[in-house]
Amino acid sequence: MNNEETFYQAMRRQGVTRRSFLKYCSLAATSLGLGAGMAPKIAWALENKPRIPVVWIHGLECTCCTESFIRSAHPLAKDVILSLISLDYDDTLMAAAGTQAEEVFEDIITQYNGKYILAVEGNPPLGEQGMFCISSGRPFIEKLKRAAAGASAIIAWGTCASWGCVQAARPNPTQATPIDKVITDKPIIKVPGCPPIPDVMSAIITYMVTFDRLPDVDRMGRPLMFYGQRIHDKCYRRAHFDAGEFVQSWDDDAARKGYCLYKMGCKGPTTYNACSSTRWNDGVSFPIQSGHGCLGCAENGFWDRGSFYSRVVDIPQMGTHSTADTVGLTALGVVAAAVGVHAVASSVDQRRRHNQQPTETEHQPGNEDKQA
């Protein structure tokens, strides 16, 4: 690919009009939460900056991040791959394989040393000297370190690369390890989720290309624009949570009415992600809207925290409109308040059900005549 070609030149070559290009820039600004006023700056960057070479490598993973990325709609994955960046190496998507693919890998990291972005999907297992994950005939950890050495920045795609995910579940026999525990001398942005939201993945790349830097992150390395609030904060069922209206079983009347799924194990109150605002499948829905509680797949350690259907009792990151950076100091008080709210809500709910039941007097023989 010609990396000196700009994004705008690539789009024009594909027959995209100037008007459509500007509409694309406006949409990109909106998806990044920057407002329409930033569209001209994005347009200037995409008109003048050459496409950035990207090397995308895979460790221990299931490829769900790639599957998610190619379904991006804002912007389209094809626009990102063919125009916005130069995805020169991805052994899942590229046509080449085997020795030919590895020659491309070596050429890119040598020719663009210090200029390319390294995207990592999956994590390196450190057990048995890395032999649990072999890439190109050698342990993946070696490939990761070699690729990271010349990268300008690193994107950790998904919960596997960010936290370890199910591969790191106790007792973690392969010693699966998040990449930031192995690569410590490069800027790393974490985009957790199993998988991450497609449009979030595309937006992160668009931001980096436009502004030549990583987006602002929280103390855990996640971009604040997408991981600054909990799913619970913008969930459309939040009003039912505040009112103490909860689903008690999957087939009860509350479930049919769309009440809060907290008591069914929903991890939305402790999970930072954009599911409730960005949604999935081009904004169609997200798990809670489909009737199932959040699994908390974007959070560190979700795989070792018991059943998906167990109610969250200990909420270490509680805070109504706080980010992960600020909730720690207030978590204890908020947890106590939350316990009180649920106790009151449950009491009110039980009293309401009791009042709806007929009394014993109403069922006594002959009582109908007395009431008449």
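Quick reminder: no glycine exception, Cβ is built from N, Cα and C everywhere.
Lifted from Swiss-Prot, the feature list:
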- C62, C65, C160, C194: [4Fe-4S] cluster 1 binding site (BINDING)
- H232, C235, C260, C266: [4Fe-4S] cluster 2 binding site (BINDING)
- C275, C294, C297: [3Fe-4S] cluster binding site (BINDING)
- 360-372: compositional bias 'Basic and acidic residues' (COMPBIAS)
- 346-372: region 'Disordered' (REGION)
- 1-45: signal peptide (SIGNAL)
- 46-325: topological domain 'Periplasmic' (TOPO_DOM)
- 347-372: topological domain 'Cytoplasmic' (TOPO_DOM)
- 326-346: transmembrane segment (TRANSMEM)
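Annotated features taken from Swiss-Prot, shown on the structure.
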residue: C62; record: [4Fe-4S] cluster 1 binding site; DSSP class: coil
residue: C160; record: [4Fe-4S] cluster 1 binding site; DSSP class: helix
residue: C194; record: [4Fe-4S] cluster 1 binding site; DSSP class: coil
residue: H232; record: [4Fe-4S] cluster 2 binding site; DSSP class: helix
residue: C260; record: [4Fe-4S] cluster 2 binding site; DSSP class: strand
residue: C266; record: [4Fe-4S] cluster 2 binding site; DSSP class: coil
residue: C275; record: [3Fe-4S] cluster binding site; DSSP class: helix
residue: C294; record: [3Fe-4S] cluster binding site; DSSP class: coil
In the same chain, which residues outside the set C275, C294, C297 have their CB within 8 A of the centroid of the CB atoms that define the [3Fe-4S] cluster site?
G193, I231, K267, G268, T271, N273, F286, P287, I288, L295, G296, A298
Count of other CB atoms lying within 10 Å of the CB belonging to C297 ([3Fe-4S] cluster binding site):
23
Stretch-averaged pLDDT - the topological domain 'Periplasmic' (46-325):
91
Of these binding-site residues, C62, C160, C235, C266, which scores lowest on Cβ atoms within 10 Å?
C62
Considering only the binding-site residues C65, C275, C294, C297, which residue has the minimal Cα-Cα separation from C266 ([4Fe-4S] cluster 2 binding site)?
C294
I'm trying to understand the geometry here, so how far is the Cα atom of C235 ([4Fe-4S] cluster 2 binding site) from the Cα atom of C160 ([4Fe-4S] cluster 1 binding site), in Å to the nearest whole number?
25
Rounded Cα-Cα span from C297 ([3Fe-4S] cluster binding site) to C160 ([4Fe-4S] cluster 1 binding site), Å:
10
Applying the rule Cβ within 8 Å of the centroid of the Cβ atoms of C62, C65, C160, C194, what extra residues of the same chain belong around the [4Fe-4S] cluster 1 site?
E61, T63, C64, E121, G122, W157, G158, T159, C165, P195
Near the Cβ of C294 ([3Fe-4S] cluster binding site), how many other Cβ atoms are there if near means within 10 Å?
28
